[in-house]
Structures are given as C-alpha cells and as structure tokens.
Amino acid sequence: MAATKEEIIEGLAEIVNEIAGIPAEDVQEEKSFTDDLDVDSLSMVEVVVAAEERFSVKIPDDDVKNLKTVGDATQYILSHQG
Amino acid sequence: MTAKIKPAKGWPYARIRGVGGYRPTRAVPNEEILKHIDSSDEWIRSRSGIVSRHWAGPDETIAEMTLAASGKAIADAGITADQIGAVIISTVSHFKQTPAIATEIAYRLGTAKAAAFDISAACAGFGYGLTIAKGLVTEGSAEYVLVVGVERLSDLTDRTDRSTAFLFGDGAGAVVIGPSKEPGIGPAVWGSEGDKKEAIEQTFSWEEYREGSPEQFPALRQEGQTVFRWAVFQMAKIAQQALDAAGVKAEDLDVFIPHQANMRIIDSMVKTLKLPEHVKVARDVETTGNTSAASIPLAMERLLATGEAKSGDTALLIGFGAGLVYAATVVTLP
C-alpha cells in the first residue's frame, strides 16, 4: 500500500536522523536538506538510497539535484512510489 | 595436419609474494590546495577525509617511482629480478604511450628479457593486473610476475576545480606474484559498465588538446554523486560476491583494503558490507589521496609496515573507477 504524505515525511525524518544525526523533529516539509539540515551532497545520496528502499521508488541521479527540500522529496516519492 | 601441442606446465596456485611502495617526498597539505580554490580545510576533510597527499617532483617520474616500489617488492619477495617472467604496469598518467613503460622497467630492473606491457584500467588497474598475473603463473607462462600500479595524477588535476583539486595524489605500489602450494588469490569478480563512461573521465582528448581547443591541459573530472552511489552501493555487492566466490565469511576476514578514493566511500562501504569490528580497514587516503591504480598496494604496504596487518592475514581487495570498471578478490597478504 502506498505511503501517505505524513508517513513519507516521518520516514524521511527517521532516515535523515540515522544518516546525518539531525533530530527527527527538525525534519519538516519546508526545510532545505543542505541549508537547514546540514545534509551534504554525499549524505544526500545515502538518504536517497535509503528512501528508495523504504518507499519502493527509483530516484535517478539526475532527479536528486531537484530535491532541495523535504517537501520536494516527499512530493517526488508520492508521485513515483510503486 | 593438426599437430598435438604440448601445453606449458604451470603451478597449482599463485599468491602475492612481496609488496613495495613509493610515495613522493613532497607532502601537500590542504592549505596549499586552498590557494587555488574557494573552499576550506574543514570542507575538504568532511567531504573526503583527505588531510594531505604526495605530489611528485620533476625527478619522481613514472619510471623512477616504479623502479623504487618494484625494488622493494622484489626484495620483500626474496627473489632476484632475473626470476621475473613478466612485468605488468597499470597507469593512466604515463604520457609517452609508446613504447610501454613496462619494457624500460623490465630492462632497468635486470630481468632476463621479461615479457612487459602496460594496462589501462584506472583505479581497478591493480586488480586487473593481479588477475592477469595469477593466470600467467598458474598457466605456466611466468614463474614470477611483477604488477605495478603507478600514477602522477597531479599532472591530470585541475588545480581550480573545487570538486576534484584536493582528491588526487601520486605514487607507486608494486607486488610480486609467484607460485604457491595453497590458493593465495581468490576468484576475481571483475567487470565493466561502459554505459557510465562519462561518470569519471579525462576532460578532453589529446587530439582536442593538440588542436588548441581548449588551451588547458586535460584533467580528470567526475560526477561526484553518481560515483559515490555506484561505489558505495554497487561495489559493496561486488565485494560481497568476491567473499562468496572465495568461500570466505566476513568474520574470517582480517583486513579490508578498498581502493582509496575517498574516506566517505570507505566508511559507507564498511557500513553497507556490515564488516565485523575486528576487520582492519585501510584508510591510507587520509595522507595519500587517491592514487588510482597505486592505492591498494600502497595501502597494503603501509598496513604491513605499521603492524596493523601481518603476513598470512586474509584480505578483501576491491578497486573501482573510470570506465566504469571494477575488480575484487580475496588474497593472503605477503
């Protein structure tokens, strides 16, 4: 069953917490991964791969650079999840 | 008529008999790199784990660095140069392509007219050379084979590219492969993915440079995120396949020597592979940078020299890089 928007944000928060050590409650829709959450380009790759596994979605490298905020990533997963 | 051909008589198995390395005398700290790029020591360390690297001087040519590393490897193997039947040199930064640098090395080391040739497999070059050498020994074409990874990547570095200027280093790492009663080199898990050839490449061809457009000397460039994803997640699978092919479990491993590309790749790979705590991981990249084909034998030599690893230890090796190409295998350390 496809995940809801709230479930995706919650899942991303857990992933960002595990990979970058950012408190899960800081991971909110409008937050920028690099500017607000201190997730650098390499950690972003780890976040993307973890999100792919968790939400059964493929996120090609070319699309990763468009995922600036948690909201961007959530929207991407919502519309691409299998 | 089809005459019956007598085959060569090979040895049952091969192993690494000796290792040697050469690092250029000049260490280049991040501060020197920062003269040409808008970055910081903290940024470079956090993205790569690199604190300094060695850059070769005018006298530290591909040939001189190779001879220095090879001499040590031959002495470590306890043989003499005339016993070497083949010399294989992996490099992407020897700019005089003809003749192969291996022939000069075979002559200057004092081999008895050993077969000698260069190979080009970038950061997987050491693993490719090792695999060829194992075949030569077991098939009987050479009793001892010298395999060298050598690079002057500082010559292919764009000092003003803030994403790569700090990555590359120079040096040479050599091993002698010889006969063994027990298997000392496991099955190779190797391959190529040419569909990703643009992920790491030389910016311009020599023809383009000769024609004057662009004026700057070619350099190496890479797509950092693509390479990182491939290296961490795909190469961890290849490393696991090499363990499985050799019938070695992670808990029986003593040492992990991945290509020294970037500390972040090494850390993530260790995590993805779920290697046990006791496995010693090579982290030579911190003070050596990425030396492509030279990185695995250089890291191997250092682990043995510092006593962090010892002769007879079981080590997992994996090289990966431009091509994209990769080669992984399990070996017994010399």
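Heads up, residue numbers simply count up from 1 along the chain you see.
For all residues, glycine too, the Cβ spot is worked out from N, Cα and C.
Predicted automatically and left uncurated, TrEMBL annotations should be read as such.
Record features (TrEMBL):
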type	residues	note
DOMAIN	B:117-194	domain 'Beta-ketoacyl-[acyl-carrier-protein] synthase III N-terminal'
ACT_SITE	B:Cys123	active site
DOMAIN	B:243-332	domain 'Beta-ketoacyl-[acyl-carrier-protein] synthase III C-terminal'
ACT_SITE	B:His259	active site
REGION	B:260-264	region 'ACP-binding'
ACT_SITE	B:Asn290	active site
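Features per TrEMBL, on structure.
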| residue | record | DSSP class |
| --- | --- | --- |
| B:Cys123 | active site | helix |
| B:His259 | active site | coil |
| B:Asn290 | active site | strand |
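A gap of 7 Å separates the Cα atoms of B:Cys123 (active site) and B:His259 (active site).
Neighbour count (other Cβ atoms within 10 Å of the Cβ, all protein chains): 25 for B:Asn290 (active site). A sphere of 10 angstroms centred on the C-beta of B:His259 (active site) encloses 34 other C-beta atoms. DSSP labels the residues of the domain 'Beta-ketoacyl-[acyl-carrier-protein] synthase III N-terminal' (B:117-194) in these numbers: 23 helix, 29 strand, 26 coil. Neighbour count (other Cβ atoms within 10 Å of the Cβ, all protein chains): 32 for B:Cys123 (active site).
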